[in-house]
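Input: a single structure, listed below in structure tokens.
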Amino acid sequence: MSKVRIYTLAKDLGVDNHKMLEILDGLGVSYKSVSSTIDEENVEIIKQILADEAAEGGDAAPAAASAPAAATAEPEEADETPAAAAQADAEPASDLPHRAPVVTIMGHVDHGKTSLLDYIRKTRVAAKEAGGITQHVGAFEAKTSKGKIVFIDTPGHEAFTTIRARGANVADIAIIVIAADDSLMPQTREAIAHAQAAKVPMLIAINKVDLPQADPEKVKTDLTQLNLVPEEYGGDVIVVPVSAKTGEGVEDLLEYISLTAELEDLRADPKGQFSGVIIEGRVDKQAGVLATVMVQEGTLHVGDFLVVGENYGKIKAMTDSNGGRIKEAGPSTPVQILGFSEVPSSGETVVSAKNEHAAREIVAQRASDRRDEEDARERRKAQRSLADLLGPLGEVHTVNLILRADTQGSLEAIQGILARKETEDVKLNVMLAGIGAPTEGDVLLASTAEAQILCFNVTPSAAVTKVAETKEIPIKAYRIIYEMIDEVDRLIKGNLDPVFEEQYLGRAEVRMVIHHPKSGNIAGSYVTDGMFKRNAKAKVTRGKEVVYEGTVVGLKRFKDDVREVQQGYECGINIDWNDVQEGDIIEASEMVEVEPR
């Protein structure tokens, strides 16, 4: 009995993939994705359902009760219903028009990423446009039967993660290219880890299948070691054999990209407020500052004012992926912009302003907000309640690790020990484990995923150390394996729910109340015991009754603001409470972390 893939049947019958999955859900047919196969019996049932709907003028998916008992999936397919999940996540934005998917291609340096992009360019971009595309905006648009696909041509996964580290999600789909004659290499594992950290759908392209020594089955088997199980093995990872040299499988890859985009239901409002992301910025000797922007929402026009971080500019000229001048650009369109005075950083968000005055106001407000945040950060830390410090009870903490070692044996030994170190409260997640010194990509991944980099018998280069210092990512290197394990023990201990105790600081007697026009009533006090600190907890006692509990928001000695006042000195105490009275006793305390008992 022959079988047919779901997406192929949907295409042949002229319905979209979501509709096809709804019908299968109604029939009770199990599948893993739109590339799963169904048998002839179910194909005939689906055709009849669609014919009946066409005759009735309806489009509802059949109820499960109407499904024949024999309607079952192939045994290798798993019990999941993506259509139902997609419906549950549906947003009102479903009325918005679809946009093109934005795809990034990553993988090991010699596995053919550039060759694959070049082949797609050659066959999917008009000949007059293909030359010199990369020198314009680092991206290009490929035309397919399902619409356009935008490919970002960035130099490796490090650039991808730099954008992610700033909180931007510029890519919708990641293609991991793996050579059929080489299988998984260190950079392949890194690329997969970066894509997983970004939480974007992944497609695996096994390249160079035209070579005599190609072994795509080995690649698929090796992928399972990373918990990436191909569909033909019963998993949910789409694996496409391709050849960037002959073009074999490239059409299938483009089809799978379109199918993934359809299931992701990518939409944007071209009439809405503009927003975008900086892909890269550079200085051209002749033109000046150029910025590549991916339009995500709204439409960009020449003459618009844009704000990036604490800088703004007016679009003087705009270039599309072909190097041609354009006047406007909608969602999922990469453009190169001339108009900024300073080079923006990759991953920064871009918003529009009505005019220059509005742009200046946005920049001024952002600068003010940044200063306020810096000023308030210490105070917020000091004023956290005990509940804030403890966090949710029973929460399982995850420690993300990036491991580097000198040999595979060392790496396996370390991972074996780590597997025995996990507790009910703390989970150790090894995001990446590789042989050799840590790379800049490791640092960027650690920055994005809040991971720790631990090295055994290898040390980072000066360049990597400099990047790590800039990103404030510590790289810890060890020569003795148990010193590394001791560090892991410290990390586990540091991720356990902390234990805090309230410790007494001091006591003061209110001798006069001073009214301040801005700060309200200040307690003119004498510290009779211990000391007082700014931001300490304060408890006011009147007689034997506690009348107020709050925070010491300010301390003064004469006219000077001070951080603390010792026993035997007078001071002004501001507890942000106007009902303080002479004779009140103010007691100060602070929350101090103690060793778990």
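Glycine is no exception: its Cβ is also placed from the backbone N, Cα and C atoms.
Over in Swiss-Prot, the protein carries these features:
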type	residues	note
REGION	57-96	region 'Disordered'
COMPBIAS	57-73	compositional bias 'Low complexity'
COMPBIAS	81-95	compositional bias 'Low complexity'
DOMAIN	98-271	domain 'tr-type G'
REGION	107-114	region 'G1'
BINDING	107-114, 153-157, 207-210	GTP binding site
REGION	132-136	region 'G2'
REGION	153-156	region 'G3'
REGION	207-210	region 'G4'
Tertiary contacts of the region 'G4' (207-210), as residues 6+ beyond its ends and Cβ separation under 8 Å: 111-112, 115-116, 177-182, 216, 241-246, 248-249
DSSP-assigned states of the region 'G4' (207-210) in counts, ordered helix, strand, coil: 0 helix, 1 strand, 3 coil
Lys113 (GTP binding site), number of other Cβ atoms within 10 Å: 25
Protein Cβ atoms within 10 Å of Gly107 (GTP binding site), excluding its own: 27
Count of other CB atoms lying within 10 Å of the CB belonging to Val209 (GTP binding site): 22
Asp110 (GTP binding site): tally of other CB atoms within 10 A of its CB: 11
Mapped DSSP class for Lys113 (GTP binding site), helix or strand or coil: helix
DSSP-derived structure type at Gly107 (GTP binding site), helix or strand or else coil: strand
